[in-house]
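The structure appears below as structure tokens.
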Amino acid sequence: MYRIGEALIGSGNEVAHIDLIIGDKEGNAGAAFANGLTNLSLGHTPLLSVVRPNLMTKPATLIVPKVTVSCLEDADKVFGPAQTAVARAVADSVEEGIIPEEKAEDLVVIVSVFIHPEAEDYRKIYQYNYGATKLALRRAMEGYPSVRKVLSEKDRGSHPIMGFRAVRLWNPPYLQVALDLDSMEEMERIINTLPDRERILLEAGTPLVKKFGVGVVRRIRELRRDAFIIADLKTLDVGRIEVKMAADETADAVAISGLGTVESIEKAIHEAQKQGIYSILDMMNVENFVDKLRGLKYKPDIVLLHRNVDLETLRAERGEELGEMSEWGNIREIKEILGPRGLVAVAGGITPSKMQEALDSGADIIVVGRYIIGSRDVRRAAEDFLEHMPQDPDTMRLPLDEDEAI
């Protein structure tokens, strides 16, 4: 039996990132410990963690450098402040009861340590690695994080080294701005004018894609690096190729026409799943779209419904119950088919005064085109809709509050 812990503390070149395993000396952890100590790797030579020369810590701890140690200067950082920090963190964890003292002889710890080659401040190297090791040990012994914690955080944060946010639609509602334009200059002007809000999704409209190609998505990305960008391809055929083209240009989602055959739609949705992007099934002019959706083996992530003024009359003529009906159809029925993660977008002449009705009907995404892009005051027009939505997720969340609750 062994436990796993991880922690990142600090900033700059002295930042500490600790990965560790703690487990029984007689089990898999002990075997890994012995293997690491006896099978040396050039530039990554493991060393026992000592509080001071001739006094190794308990539980016995093996330090493995993550970054290649290429010179004596690098070795000094590992054998000096990093080794001391890890040893004292382990010993203090025993003293504080994080590691049971009675188990200290029966356990071993393997600590993978990151030391940047350009780190210079030995005090910071010590401080950050001490804190990170101790935190990683506590997390390992307490089983942090829980699966529920991981699921609740996976779409919220961003990795500092990655340099950008991979946006996921985890907290609707959202405002999708349809850039149905034929001018690159006008597109750039509108994007630069829109509020920088997480709740705004940018759609490369069909006219833009037809005139400038799917590469227009990358231009939008240059203007709004962390935006959620939709390529409105209205794919009818060869869906796999078109979806891959959109994904290659960094689109987060691609719109597929619901008028296509079941086979074509499923291939496009499957390709979107392979590429790791959202699939949007556009039900414009699709009759019996509920039946079509039910017949799909692979369900889309999002269904786009368009305002149909004749729908209510048609259902009434059939003698069907209208209680759950909206101008876009029975949104809640669509959601039941899609499952708990499915989203519904609605489009068609929506104004700020009409928006609340759409949200109350169950819509997750409000698609707006002319009201915003045709406005003399694009920013104000977008804010008219955003006023009906909650603040962006985590607006009031303090830094570091994403970690353990205490």
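Just so it is clear, glycine is given a Cβ too, placed from its N, Cα and C backbone atoms.
As written in Swiss-Prot, here are the features:
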type     : residues                          : note
ACT_SITE : His17                             : active site, proton donor
BINDING  : Asp19, Leu48, Lys66, Thr68, Gln83 : substrate binding site
REGION   : 1-161                             : region 'Formaldehyde-activating enzyme'
REGION   : 162-406                           : region '3-hexulose-6-phosphate synthase'
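Computed over the region '3-hexulose-6-phosphate synthase' (162-406), the whole-number mean pLDDT of the model equals 90.
Just so you know, the Cβ of Gln83 (substrate binding site) picks up 23 other Cβ atoms within 10 Å once every protein chain is counted. In three-state terms derived from DSSP, Lys66 (substrate binding site) belongs to neither a helical nor a strand segment and is classed as coil. The Cβ of Leu48 (substrate binding site) lies under 8 Å from the Cβ of Leu37, Met56, Ala60, Thr61, Leu62, Ile63, each on the same chain and at least six residues away in sequence. The residue listed as 'active site, proton donor' counts 20 other C-beta atoms within 10 Å of its own C-beta, drawing on all protein chains shown. When Cβ neighbours within 10 Å are tallied across all protein chains shown, the highest count among the binding-site residues Asp19, Thr68 belongs to Asp19. Spacing of Lys66 (substrate binding site) relative to the residue listed as 'active site, proton donor' is 10 Å (Cα to Cα, whole number). The record assigns Asp19, Leu48, Lys66, Thr68, Gln83 to the substrate site; their largest pairwise CA distance measures 17 Å.
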